[in-house]
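Okay, so here's the structure we're looking at.
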Number of protein chains: 2
Amino acid sequence: MTAHEHTHHDHDQPNLTKNQALVFGALDGAEGPLTAYAILDQLREDGFRAPLQVYRALDKLVEFGMVHRLESLNAFVACRHPGCVSHESAAFAICEDCGSVQEFSPEEAMRVLKAWADAKGFTASKTTVELRGRCKDCAAA
Amino acid sequence: MTAHEHTHHDHDQPNLTKNQALVFGALDGAEGPLTAYAILDQLREDGFRAPLQVYRALDKLVEFGMVHRLESLNAFVACRHPGCVSHESAAFAICEDCGSVQEFSPEEAMRVLKAWADAKGFTASKTTVELRGRCKDCAAA
DNA sequence: TGGAGACATGTTATAGCGTTACATCTCTTT
DNA sequence: AAAGAGATGTAACGCTATAACATGTCTCCA
């Protein structure tokens with residue numbers, strides 16, 4: 001079972017290893033983001049025993065572009081790029097009331113950031129954009 | 001000694017408490033970002049003994065807009081807003097080679113993000129924008 | 001004047017997130 | 001069969017952050 005043949009952020013679904021498939025399944029089935037330890041607890045019945053098993057799988061899944069890390073939460077979500085846009089331009093709106101996360105692709109904003117980077121000679125390998133606040137539903141409640 | 005009378009992200013320099021002043025001094029004198037524990041170690045000779053002393057001061061300094069938290073590093077930097085722009089629109093370019101951090105204010109990008117949020121009914125209380133990559137100097141080397 | 005309230009501080013313990021180091025297993029290739 | 005590469009298992013540890021509780025230090029005002 002191999003999980004290679006990948007350049008970087010490929011759009012093809014790679015052949016996942018057993019652990020990668022289990023971790024992705026946990027994230028894909030979850031409503032919101034999960035921490036590594038939450039995933040570990042969920043996968044104990046599948047034989048998971050140590051954090052490293054989760055982190056190793058997460059590293060690969062992020063590399064494949066199938067999972068995003070939310071820096072401001074120290075948590076992970078399965079990728080739901082609306083319209084199947086580039087994984088490079090992902091941004092997240094995180095509701096601090098209900099914990100929901102919306103993924104979106106602010107391509108115009110990303111262009112502006114890239115323009116700044118180009119002008120400064122900065123080569124960005126990853127761009128993190130996260131909005132923390134209150135979602136529509138929670139604001140209405 | 002008081003450190004109040006603040007609405008939110010005031011531009012006035014508040015009267016800092018002893019601990020706040022020490023922590024801010026450490027960050028302001030540092031070349032790059034510092035973790036809370038690095039600050040703690042640096043302030044042991046000033047009587048600091050526990051992480052909480054640092055975190056309490058950091059919370060206030062962030063609230064005052066004098067310090068930014070870098071989510072992707074779990075570290076903190078003194079604010080160096082070029083041109084004294086709003087603390088609300090701060091972004092950071094973090095070099096993974098040399099550890100340097102450039103703060104900038106991509107107001108156009110922030111406007112685009114705010115427009116998305118408005119359209120979705122999302123009220124953002126904080127916006128995190130961090131570029132990870134390679135700075136000009138390190139690319140040249 | 002002395003007590004109440006508000007805020008800052010001190011201290012210990014603990015919870016949560018992530019990695020190092022090392023051993024083993026399973027395939028593929030030759 | 002031997003060698004190499006990648007995946008996995010396990011234990012121990014280190015870094016990041018907070019909970020809970022105790023104490024100190026002011027100001028205000030009855």
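Just so you know, glycine gets a Cβ as well, placed from its N, Cα and C.
Residues or ranges marked as Zn(2+) binding site in TrEMBL: A:CYS95, A:CYS98, A:CYS135, A:CYS138.
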Filtered A:CYS98, A:CYS135, A:CYS138 - binding-site residues with C-beta under 8 A from chain B:
A:CYS135
Around the Zn(2+) site formed by A:CYS95, A:CYS98, A:CYS135, A:CYS138, which additional residues qualify by having Cβ within 8 Å of the site's Cβ center?
A:GLU96, A:ASP97, A:GLY99, A:SER100, A:ARG134, A:LYS136, A:ASP137, A:ALA139
Return the count of C-beta atoms lying within 10 angstroms of the C-beta of A:CYS138 (Zn(2+) binding site), excluding that atom itself.
17
Can you count the other CB atoms that lie within 10 A of the CB of A:CYS95 (Zn(2+) binding site)?
21
Using a 10 Å cut-off, grab the number of neighbouring Cβ atoms around the Cβ of A:CYS135 (Zn(2+) binding site), all chains included.
23
Are there any residues in the same chain, six or more apart in sequence, whose C-beta is under 8 angstroms from the C-beta of A:CYS98 (Zn(2+) binding site), and if so which?
A:CYS135, A:ASP137, A:CYS138
